[in-house]
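Among the features that TrEMBL reports, transmembrane segment is placed at 7-29, 35-55, 67-87, 99-116, 125-143, 163-186, 207-230, 250-271, 278-299, 305-325.
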Amino acid sequence: MALNLKALLGMLFVFIGCCSNVVFLELIIQIDPGAGNLITFAQFLFIALEGLVFTSKFFTVRPKIALKDYVILVALFFGANVCNNYAFNFNIPMPLHMIFRSGSLMANMIMGIVLLKKRYNLRQYSSVAMITAGIILCTLVSSGDVKDNTHHSLKVDTSYSEFFWWTVGIGLLTIALLVTAYMGIYQEVIYKKYGKHPSEALFFTHMLPLPGFLIMAGNIVQHFGIAWSSEPVAVPLLGAIGLEWKFPLMLFYLLCNVVTQYVCISAVYVLTTECASLTVTLVVTLRKFVSLMFSIIYFRNPFTMNHWLGTILVFFGTILFANVINQVRDAYRTRSSRKTSFDKAPLAKKVE
């Protein structure tokens, strides 16, 4: 019973943490679309500090995985996160960003075929074709309405068009997609060698890349200045006890984004340890769909019929790849047969 409760709480916090994380991300991007490096740094710093205290216990716990084996994993993880968040600096709207990142199965299949020489069945090839078509459709539709979303204080004259910078953003998302897929394969290699230690991996993949942010320190400081000078808002909790303290709105959103990112990652970890992969796939896919709907409705992001068609292709392709329908049907049949056997048991006893 405790296991079921833990799984249910995991599902609940996936929706609370991951969906609210996307909301705060979009609120930040609306103020300063170029804040990607600042967001990535803040997330890495927070999770690294949490891991330092509770996982590593200030480096007193000996790591199960050799640090040299973390080097490639850390480089891949750092690169993927920087590319994903920095893409907002290149006129990428939030709905397209979410749809693009939903193409991880497509990237995983490509990497599986190229690196592991894997072979897939017709259903899997068909589902990935649907996902690819959906992403391409949404990308092409979005390319017709590209707008410069650079913060007013950072606008500069450039000989390149807004469309050119948009293609740079698409390139960054594509690189992040492929790097994330390769990272998944490399994680499997490490886990086969050392066993699964997700909490430790979470800590080291966020702690070891921190010096890498020195390369983009100027950009981070610049956008922190924008965050600090954003509209001040009163802190409700302090107001309730008679204290008046105002806090920059963008920094408040950034703090909320960092905390909800941690809740999201932790909840997904609980799901992967407590639930079957089918359940995890369904919950994560549904969560992405809810986030997309909220982004379209609440933030009034432009979304045409072609966008809807592309979205349906991506999400139904994901469901098809995971073979959700057949697995649900098989689970229902198994449950029904068990119930039938249980109902017949007393009758057999009477006959005896």
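Just so it is clear, glycine is given a Cβ too, placed from its N, Cα and C backbone atoms.
As the structure is a computational prediction, the values presented were derived from the model and not from experiment.
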Is the transmembrane segment (305-325) packed against any residues at least 6 beyond its ends, judged by a Cβ distance under 8 Å, and which are they? 95, 99, 102-103, 105, 123-124, 126-131, 133-138, 141-142, 277-278, 281-282, 285, 288-289, 292
Looking at 35-55, 67-87, 125-143, 207-230, 278-299, which one has the highest count of Cβ pairs under 8 angstroms to the transmembrane segment (7-29)? 278-299
Which range out of 67-87, 163-186, 278-299 gives the transmembrane segment (207-230) the most CB pairs under 8 Å? 67-87
Can you see whether the transmembrane segment (163-186) and the transmembrane segment (99-116) are touching - at least 3 CB pairs under 8 angstroms, only pairs 6 or more apart in sequence? yes
Are the transmembrane segment (125-143) and the transmembrane segment (35-55) close enough that 3 or more Cβ pairs fall under 8 Å, when only pairs 6 or more apart in sequence count? no
Taking a Cβ cut-off under 8 Å, which residues six or more beyond the ends of the transmembrane segment (250-271) line up next to it in the same chain? 6-7, 9-14, 16-18, 20-21, 24-25, 27-28, 31-32, 35, 38-39, 42-43, 46-47, 50, 198-199, 202, 226-228, 230, 233, 279-280, 283-284
For the transmembrane segment (125-143), sequence-distant contacts whose Cβ falls under 8 Å of one of its Cβ atoms, 6 or more beyond its ends: 93, 95-96, 99-100, 102-103, 105-106, 109, 163, 166, 170, 304, 306-307, 309-314, 316-318, 320-321
